[in-house]
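Below is one structure, written out as structure tokens; comments come after it.
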Amino acid sequence: ALHQKEIRKVVQTLEQAAREILTVLQSVHQPSGFKEIPSKCAKARELFCTVRTQLGELKTKFPVEQYYRFHEHWRFVLQRLAFLAAFVVYLETETLVVREEVAKILGIQVVREKGFHLDVEDYLAGVLIMASELSRLAVNSVTAGDYTRPLRISNFINELDSGFRLLNLKNDPLRKRYDGLKYDVKKIEEVVYDLSIRGLAKDAGDK
Amino acid sequence: MLHARPANRQLWKRSSAAPHRARRESEACPRRNADAALDRDAGAASSSPVVAAFKVFQQELDTKHDKHERLVKISRDVTIESKRTIFLLHRVTSVPNAEDILKEAEVKLDAVRQKIGQIAEELRGEDLFQFHRAFTPGIQEYVEAVSFLHYIRHRGLISLEEINARLVFSTAEKVDPEGTAEEPQTAGPALTFQVTPSDYLLGVADLTGELMRMCISSVGNGDIDTPFQLSQFLRQIHDGFSYIGNTGPYEVSKKLHTLRQSLGKVEDACYALRVRGSEIPKHMLADVFSSRTALPDPEEGVV
């Protein structure tokens with residue numbers, strides 16, 4: 001029980017840091033925010049410094065070999081942080097961040113045996129949260145007058161979907177979250193369709 | 001970093017360009033067309049780093065789920081054998097030679113321990129909390145069975161340490177594939193399974209239900225000492241759980257409620273014995289209690 005109290009305190013600070021990063025990145029949905037994407041990503045990366053410190057703190061609050069005993073305490077915030085890391089990398093490079101890169105941004109491990117790590121399911125959950133964010137970004141790109149970004153987002157999300165189809169998921173929270181991906185795919189397809197029939201979309205090609 | 005490629009768009013374009021030809025081909029040689037489709041998908045898939053990454057995730061998740069399933073299967077076997085042991089142990093009150101039953105129960109529990117050894121083997125090198133949900137039902141049932149046997153023999157509560165002391169599996173039995181092992185080789189530290197305090201508590205909570213049943217059936221057999229011993233024992237366990245209250249694992253609160261009911265039944269039985277025991281011939285005592293306990297407990301369900 002002592003572990004739990006200490007862990008909860010640090011998790012709260014992590015949640016606060018995650019909210020701050022999200023506030024910075026949310027602004028890309030505004031028309032004015034589009035031009036400032038690089039500076040917002042830089043600001044977000046700065047804020048991840050704090051996250052790395054806090055996760056370093058969290059590691060010390062319980063015996064290292066009992067990660068899964070307390071996993072539920074930080075699973076939600078870790079998924080959000082994975083999403084935020086994936087979102088930053090997407091905004092910077094329009095590619096899918098690999099698990100190792102997310103772990104590096106957060107200052108944690110990928111492999112359980114090496115210490116406090118990012119579970120593959122939490123990474124995947126973060127990616128799926130990002131997919132929803134990107135479907136929203138596709139819509140707002142059009143509103144802001146950027147007619148090529150939605151096509152690129154569409155290609156990206158379709159490929160992500162192909163990837164997820166390879167997984168044999170159980171009836172667990174990850175499966176439920178994955179079930180939401182098809183709505184993101186559909187929403188983005190509709191945006192692309194709207195653009196194509198009005199002749200607004202040019203062939204995006206490869207970035 | 002992984003690049004997105006418009007693989008899907010190319011597929012769409014190709015199929016819309018020549019729909020007639022595609023249909024004719026598929027009617028003529030369906031297998032070739034299906035293979036062509038597979039090749040196309042495989043080609044698109046293998047050229048994408050995103051998909052390649054997901055193939056790795058697929059393997060990781062499959063491996064984890066497979067292990068979980070294996071543990072669930074072993075846990076079910078543990079549950080079934082433990083439950084059968086408990087049913088066997090209930091017969092001690094109605095049989096002249098209790099010792100035979102106790103010995104048979106011991107043999108059965110040894111078999112259960114072997115199964116737990118298999119669980120320990122699956123968990124070697126793993127974080128056991130990651131798979132806890134898979135094997136916790138079996139382990140709780142085992143705790144219930146072994147503590148029941150212990151009570152019948154010793155009229156006391158087995159401790160967690162005593163339980164864990166018997167869950168040590170030596171790795172010395174592994175036969176050297178090169179030849180015959182002359183001496184038992186201790187290949188590193190012995191494999192153990194450690195029941196967690198939480199599982200121990202939940203198993204003991206379930207034990208109280210069995211003890212209540214034993215109390216009622218012992219009265220029916222004319223045994224008027226056991227109920228009073230059991231009542232005292234159950235009260236001690238109940239008081240212990242009350243002290244923990246809801247600071248323990250959350251399932252404890254539910255079981256505490258059932259425990260109170262079991263304790264109530266046992267205390268009522270003792271009361272009836274005290275007040276009316278001397279008036280009623282022993283062979284009719286069973287009837288007194290069958291009327292009291294006739295109402296099925298809605299919490300218990302079918303075991």
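Cβ coordinates come from backbone N, Cα and C, glycine included.
Looking at B:1-42, B:211-252, B:253-294, the range tied to region 'Disordered' in TrEMBL is B:1-42.
Note on TrEMBL: of B:95-122, B:151-178, B:179-206, the range annotated with the feature coiled coil is B:95-122. Around B:Glu210 (Mg(2+) binding site), a 10 Å sphere centred on its CB holds 20 further CB atoms from the protein chains shown.
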